[in-house]
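Structure record follows, encoded as structure tokens.
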Amino acid sequence: MKLFSSVHDVNDLNQLVSEAIQLKASPFAFENLGKHKTIGLIFLNPSLRTRLSTQKAAMNLGMQVMVMNMDKEGWALETRDGVIMNGTTVEHIREAAGVMGEYCDIIGIRSFPGLKDREEDYSELIFNKFVQFAGCPIVSLESATRHPLQSLADVITIEELKKTTKPKVVLTWAPHVKPLPQAVANSFAEWMNKADYEFVITHPEGYDLAPEFVGNAMVTNNQDEALAGADFVYVKNWSSYNDYGKILTEGEGWMLTNEKLKLTNNAGVMHCLPVRRGLELSHEILDGPNSLVLNQANNRVWAAQAVLKQMLEGK
Ligand code: CP
């Protein structure tokens, strides 16, 4: 594997998930695989889980890890080609990515969308420039439109806990006070379609995800209908794709509560974190027995380790 940017970069999803579960059981079984190899984790945006879990995964494989908060510690990056750099940008992404590629055997990069220009965000400008100019394998640590390491951890979590071959999985929109990217929801939808679960998306009117991510999912604006009989409920806010980057409603009544959970098949409740308590997800669910948020966070390590292992093996 030379690129991990979406589920489409995975040859065999079942094999990757089972490799992650094996690594969870024996974290140090390949502790020399990454000896004398370096991973650079480049963050253009904040992170807790992605940073620490990917760092831990790389260390479990014996790799050396360099972390750079590019937004705060790096030179201001120019991403446009052919411009005269007489403004505020100091270094072009062509040189910056190329230099990092000289120091690293694998690069992980996080680059959120601006949520102003849909075409620019969905072209994955910054992520793709790194792929183009770094000259080494690249792992997405969340790009403008996808969060594949999170989605892989989510699939691992469902596979570990599902009680039927084809569980009913519901992705439900949740309220938020800030416009958030569609990346986690897009990515989760893409991986659910690939995993071939019974997959339902529910959101208020105006929050449809891009059709290429929705795939074969059943979509409804009726949250109660969606929740009926669900085995897993994935809670996430996203801003509008059609009215790009906008908040269209305060979402009264959309926060998942124990009362709503009664409609489900005693569903496990998932969220990628960070989560705003009492707004996106109720305290009672986060503190209750149905919450799987820490299972998901734990599985971020094994997801990252399985991907890095395949990259180091050149699979
Ligand atoms: N879920 C997730 O990616 O968390 P961070 O943004 O803290 O890395």
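Each residue, glycine too, has its Cβ placed from N, Cα and C.
A TrEMBL annotation is a machine prediction, not a hand-curated record.
TrEMBL lists 8-160 with the feature domain 'Aspartate/ornithine carbamoyltransferase carbamoyl-P binding'.
Within 10 Å of the C-beta atom of ARG300 (carbamoyl phosphate binding site) sit 25 other C-beta atoms, taking all shown protein chains into account. According to TrEMBL, the carbamoyl phosphate binding site annotation covers SER47, LEU48, ARG49, THR50, TRP75, ARG110, HIS147, PRO148, LEU149, GLN150, CYS272, LEU273, ARG300.
Sequence annotations record features per position, and here TrEMBL assigns N(2)-succinyl-L-ornithine binding site to GLU142, HIS176, LYS236, ARG276. In sequence order, HIS176, VAL177 are the residues of the chain that are 6 or more apart from ARG276 (N(2)-succinyl-L-ornithine binding site) and have a CB within less than 8 Å of its CB.
What TrEMBL records for 184-310 is domain 'Aspartate/ornithine carbamoyltransferase Asp/Orn-binding'.
Remark: of the binding-site residues SER47, GLU142, the most isolated position is SER47 (fewest other Cβ atoms within 10 Å of its Cβ).
The 6 Å Cβ screen around ligand 1 retains SER47, ARG49, CYS272 from the binding-site residues SER47, ARG49, CYS272, ARG276, ordered by sequence position. Straight-line distance linking the Cα atoms of LEU149 (carbamoyl phosphate binding site) and GLU142 (N(2)-succinyl-L-ornithine binding site), rounded to a whole number, equals 8 Å. Across the domain 'Aspartate/ornithine carbamoyltransferase Asp/Orn-binding' (184-310), mean pLDDT in this model comes to 98. Applying an 8 A CB threshold to same-chain residues 6+ apart, the list for LYS236 (N(2)-succinyl-L-ornithine binding site) reads LEU171, THR172, TRP173, ALA174, VAL184, ALA185, PHE188, HIS271, CYS272, GLU280.
Note: HIS147 (carbamoyl phosphate binding site) has non-local neighbours SER140, ALA183, VAL184, SER187, CYS272, i.e. same-chain residues 6+ apart with C-beta under 8 A of its own C-beta.
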